[in-house]
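Asks: Here it is, the structure in full.
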Amino acid sequence: MRLLNIFTTLCLLLWSGAATNDGLTDVVEWDPYSLTINGDRVFIYSAEFHYQRMPVPELWLDIFQKFRANGFNTISVYFFWSYHEASKGSFDFETSGKNVQRVLDYAKEAGIYVIARAGPYCNAETSAGGLALWGSDGSMGTLRTNNAAYYQSWQPWIKEIGAILAKNQVTNGGPVILNQVENELQETVHSATNTLVLYMEQLETAFRAAGITVPFSHNEKGQRSQSWSTDYENVGGAVNVYGLDSYPGGLSCTNSNSGFSVVRNYYQWFSNYSYTQPSYFPEFEGGYFTPWGGSFYDECQSELDPSFPDVYYKNNIGQRTTLMSLYMAWGGTNWGHSAAPVVYTSYDYAAPLRETRQIRDKLSQTKLIGLFTRVSTDLLKTDMIGNGTGHSVSSTGIWSWVLRNPDTQAGFTVVQQASSGSRASVTFDVYLNTSLGAVTASDVNLNGRQSKILVTDYNFGNHTLLYASSDILTYGTFDVDVLVFYLEQGQIGQFALKTTSKLTYQVYGNSVFAANSSSTSTSQTFTYTQGAGQTVVQFSDGALVYLLDQPSAWKFWAPPTTSNPQVKPNEQIFVLGPYLVRNASISSGVAQIFGDNDNATTIEVYAGSSLTSIVWNGVSLSATKTKYGSYSASLPGTESRVISLPSLTNWESANSLPEKETSYDDSKWTVCNKTTTLSPIAPLTLPVLFSSDYGFYTGQKIYRGYFDGLTYTSINITCSGGLAFGWSAWLNGVLIGGNTGVATATTTNAVLDLTNFTSVIKSENNLVTVVVDYHGHDETSTAKGVENPRGILGAFLVPKPSASTGFKLWKIQGNAGGSANIDPVRGPMNEGGFYGERVGWHLPSSPSLPSDSTPLIGLNTSGISFYTTNFTLALDSDLDVPLGIKLSAPAGTIARVMFWINGYQYGKYVPHIGPQTVFPIPPGIINNQGSNKLALSLWAMTDAGARLTDVELVSYGVYESGFGFDRDWSYLQPGWDEGRLAYA
């Protein structure tokens with residue numbers, strides 16, 4: 001460690017001059033300490049966000065405002081190629097949820113930077129990792145290399161998306177500050193002629209040709225290789241700012257004591273491989289995904305615990321990290337068929353901001369770190385002074401990181417338990433070096449999985465903290481300097497102000513607060529025990545100090561008065577109490593505050609002496625001035641607001657699998673007649689039955705195969721649809737088997753016994769109908785990735801004829817229009833091949849269905865039924881009421897369910913696999929005021945049939961909001977037209 005410190009220190013000394021840039025712009029620069037934007041150092045606190053997972057553009061701003069309010073100044077965004085190029089050469093960057101410019105405009109409006117991640121490969125648990133699905137037929141060549149076919153495939157994408165990103169760079173007044181090239185591409189061979197090196201150089205050339213001038217970045221896939229850093233074996237393809245992805249939690253949804261072991265060698269890693277660049281985490285664990293058959297996110301308390309950000313994110317700060325992006329900050333929904341097979345409909349990810357857009361305690365704790373780093377400019381240039389167990393502390397049970405700014409001598413000591421997963425409460429002393437000599441911060445307590453950042457020589461406005469043992473939340477410079485600390489209730493805090501005067505003070509609140517006898521002629525020390533709620537200390541020199549317990553800190557807000565992502569201490573207002581403060585301004589003494597609230601509370605605003613009144617969401621509050629200069633008022637909650645959700649009744653229904661009957665006319669279907677394929681996976685039988693070879697890339701597929709003869713004893717069928725998929729087969733309308741699916745199988749085979757169906761078999765024109773479910777295309781972490789075929793991989797009759805499969809003809813049907821993207825608003829991954837989908841029964845204003853059966857009655861045999869109902873909502877326009885659909889089925893039910901709200905497929909429910917049973921639906925997909933259409937498909941996979949026991953609208957919460965969720969969403973909900981009948 002000592003040799004490494006010496007080496008790193010020498011590097012930093014050699015780098016003490018001007019920051020480095022990419023030679024194309026000096027607006028964004030970097031050095032070993034931090035990123036610099038427009039000449040100012042900035043701590044990049046970034047939130048990963050995927051607009052594809054929220055198809056309502058207006059709600060992007062809702063989410064961005066919540067990010068900004070909770071301390072983030074940046075979003076990291078994947079741009080999924082698959083979402084924008086449904087068929088080769090046909091790009092869509094403008095229609096509804098695919099409007100990239102609106103993403104960037106809303107980011108700028110919200111006051112946050114953008115790190116652009118346009119791939120072309122992204123991973124992200126999205127189908128095919130974001131590669132265009134038209135390449136699933138094998139036509140892209142060798143993926144993620146400099147292969148000529150692959151180059152020709154991705155180049156138009158980079159040209160198109162690159163041009164949009166280029167005009168939105170910070171150099172042009174936009175929000176884009178970094179451009180990531182590719183994604184977690186491991187440089188396993190450091191050779192200038194290696195295909196990956198050549199591929200990276202191709203990509204960088206293409207991005208530059210598209211107009212990108214901001215620095216390039218990349219994300220190392222964990223500490224597994226050393227890739228694309230100019231500081232380590234740079235043979236070509238290196239980026240400007242190296243980054244390391246890390247998901248270190250090791251947490252278990254079923255064992256809360258599992259994992260929680262922090263990584264303490266990040267500092268060494270960055271010192272070895274990117275020592276001329278700032279330490280950057282393009283993806284750090286904001287949560288983690290759960291698979292089919294796993295635990296649902298709401299059940300995973302270990303991942304949701306606010307102690308995770310408190311310990312892990314401060315651990316990163318202790319290792320000199322100044323760029324950190326949380327994956328995910330908001331996960332969203334894998335609506336339609338957009339998910340990769342490793343995940344199901346919900347992509348909540350146990351992220352700080354829930355899929356429902358609700359603030360979790362985890363986000364509230366994450367905010368405390370964001371607001372601290374926003375104003376702590378001395379943190380942006382620090383050297384490692386030392387670290388280790390028992391370092392600068394009185395206990396070997398404590399690990400510390402000690403950092404110091406070489407220019408200002410401000411210090412930051414991060415403490416955590418040496419065994420980071422410990423739940424013990426430990427008290428110890430910390431030995432600090434200050435400008436006035438060594439001091440001891442006594443009685444520092446860590447209550448289990450907790451971390452603290454102690455500061456020395458910390459400037460806030462015209463004041464300086466000699467040291468503090470409490471965590472700083474933030475500070476502001478108003479008429480006076482206002483400092484905010486937080487601790488858990490009952491913990492002891494200590495701080496010393498540098499002053500030559502003997503300060504007097506007034507205490508407002510119930511924390512026990514006192515001056516220490518150890519005060520000197522140059523500093524004055526104070527000790528307190530944190531009480532419940534907030535305490536305010538007003539000093540005689542004008543300084544104001546808020547002492548908050550953790551719940552109060554979670555409801556503390558510092559809305560900026562500037563749209564600049566870089567917020568100065570004098571560009572904010574302090575607000576305490578509400579559930580959320582979106583933004584605020586002050587003019588002529590009036591604080592105009594917009595936000596959301598749930599429970600009745602007291603709102604307190606500190607904005608300096610000019611403040612005279614408070615307006616909340618346009619309503620003037622009866623406010624009273626406090627003795628220390630803030631204003632407070634009662635803020636009503638929503639406890640008394642009545643939310644009435646209708647029961648889902650008056651169902652209509654129809655058969656959605658007429659294709660299993662021999663009388664069905666398939667004359668317009670696509671004939672499977674190919675005997676060769678570009679796929680790297682060889683078909684098991686011919687003709688090729690891979691669905692992508694016939695232009696059906698997404699959703700369920702239906703096959704009809706014909707054979708003659710009475711002598712066959714079985715049919716051997718192999719299908720692939722992604723993890724947890726299933727398939728069913730009918731012979732002349734009678735179920736003969738299939739595979740109901742298991743969570744761990746992507747491909748399954750079954751030998752379907754025909755000996756019990758002799759009465760069904762005919763001498764000629766026997767029909768086998770096969771329905772194959774689809775759970776997305778694989779990411780490249782799975783063998784051939786997107787090129788792993790979907791649908792039927794092989795089928796033959798037994799006994800197998802010597803020169804054939806026994807089948808004389810196969811036909812295929814998939815989503816209406818195939819790759820034509822006939823519903824551009826909802827996009828290319830919304831629909832599959834069920835009859836009800838093809839003819840548009842899920843769309844608003846579609847024709848009535850002939851039966852009045854309900855999904856609660858269901859089917860008494862195998863098959864697929866389609867159900868629709870309409871309902872009306874009348875939620876008050878000033879409310880945000882996150883809604884969802886709850887589904888349940890009797891124990892032992894073997895079935896597959898999908899449902900659509902106003903045409904959007906927003907849930908896949910597989911009761912025999914799980915785990916999801918409740919599905920959030922955002923405003924814009926559902927109309928909070930007005931009519932809605934719910935459609936549901938029920939696929940009974942056995943002759944026992946299937947039914948549901950519950951289809952219910954549910955509410956996740958009620959919030960009075962200043963955002964405005966009562967809008968005309970009709971442009972997002974195009975209705976049915978007769979053209980759909982062509983796909984019957």
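Every residue gets a Cβ built from N, Cα and C, even glycine.
From a predicted model like this one, the values you see are computed outputs, not experimental measurements.
So Swiss-Prot lists the following for this protein:
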SIGNAL    1-19  signal peptide
BINDING   Tyr78, Asn123, Ala124, Glu125, Asn183, Tyr247, Tyr349  substrate binding site
ACT_SITE  Glu184  active site, proton donor
DISULFID  Cys253-Cys300  disulfide bond
CARBOHYD  Asn272  N-linked glycosylation site
ACT_SITE  Glu283  active site, nucleophile
CARBOHYD  Asn387  N-linked glycosylation site
CARBOHYD  Asn433  N-linked glycosylation site
CARBOHYD  Asn462  N-linked glycosylation site
CARBOHYD  Asn516  N-linked glycosylation site
CARBOHYD  Asn583  N-linked glycosylation site
CARBOHYD  Asn599  N-linked glycosylation site
CARBOHYD  Asn673  N-linked glycosylation site
CARBOHYD  Asn716  N-linked glycosylation site
CARBOHYD  Asn756  N-linked glycosylation site
CARBOHYD  Asn860  N-linked glycosylation site
CARBOHYD  Asn870  N-linked glycosylation site
Asks: Using a 10 Å radius around each Cβ and counting other Cβ atoms from all shown chains, which of the glycosylation sites Asn462, Asn870 yields the largest count?
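Replies: The most densely surrounded of these glycosylation sites is Asn870.
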Asks: Using the structure shown, find which entry in Asn183, Asn387, Asn433, Asn516, Asn716 (the recorded positions) has the sparsest Cβ neighbourhood within 10 Å.
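Replies: Asn516, out of the recorded positions Asn183, Asn387, Asn433, Asn516, Asn716, has the fewest neighbouring Cβ atoms within 10 Å.
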Asks: Give the number of CB atoms, excluding that of Glu125 (substrate binding site) itself, located within 10 Å of its CB.
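Replies: Around the Cβ of Glu125 (substrate binding site), 23 other Cβ atoms lie within 10 Å.
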Asks: Mind computing the max CA-CA distance among Tyr78, Asn123, Ala124, Glu125, Asn183, Tyr247, Tyr349, which the record assigns to substrate binding, rounded to whole Å?
Replies: 19
Asks: Counting all other Cβ atoms within 10 Å across every protein chain shown, which of the recorded positions Asn123, Asn599, Asn673 scores highest?
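Replies: The most densely surrounded of these recorded positions is Asn123.
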Asks: For the residue listed as 'active site, nucleophile', just give me the three-state DSSP call.
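Replies: Once the DSSP labels are grouped into three classes, the residue listed as 'active site, nucleophile' ends up as strand.
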Asks: Using a 10 Å radius around its CB, how many other CB atoms surround Tyr247 (substrate binding site)?
Replies: 14
Asks: Rounded to a whole number, how many Å is the Cα of Cys300 (disulfide bond) away from the Cα of Asn123 (substrate binding site)?
Replies: 23
Asks: Would you mind reading off the Cα separation of Asn272 (N-linked glycosylation site) from Asn123 (substrate binding site), to the nearest angstrom?
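Replies: Cα-Cα distance, Asn272 (N-linked glycosylation site) to Asn123 (substrate binding site): 27 Å.
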Asks: Using a 10 Å cut-off on CB atoms, tell me which of the active-site residues Glu184, Glu283 is the least crowded.
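Replies: Selected from the active-site residues Glu184, Glu283 on minimum Cβ neighbours within 10 Å: Glu184.
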Asks: Cα of Tyr349 (substrate binding site) to Cα of Asn870 (N-linked glycosylation site): how many Å, rounded?
Replies: 31
Asks: May I ask for the distance between Glu125 (substrate binding site) and Asn716 (N-linked glycosylation site), taken between their Cα atoms and rounded to an integer number of Å?
Replies: 32
Asks: Report, in whole Å, the straight Cα-to-Cα distance of Asn123 (substrate binding site) from Asn716 (N-linked glycosylation site).
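Replies: Rounded to the nearest whole number, the Cα-Cα distance is 34 Å.
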Asks: Rank the glycosylation sites Asn272, Asn583, Asn756, Asn860 by the number of other Cβ atoms within 10 Å of each Cβ and report the first-ranked residue.
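Replies: Most Cβ neighbours within 10 Å: Asn583.
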Asks: Select one residue from Ala124, Cys253, Cys300: among these recorded positions, choose the one with the most other Cβ atoms within 10 Å of its Cβ.
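Replies: Max Cβ neighbours within 10 Å, all protein chains included: Ala124.
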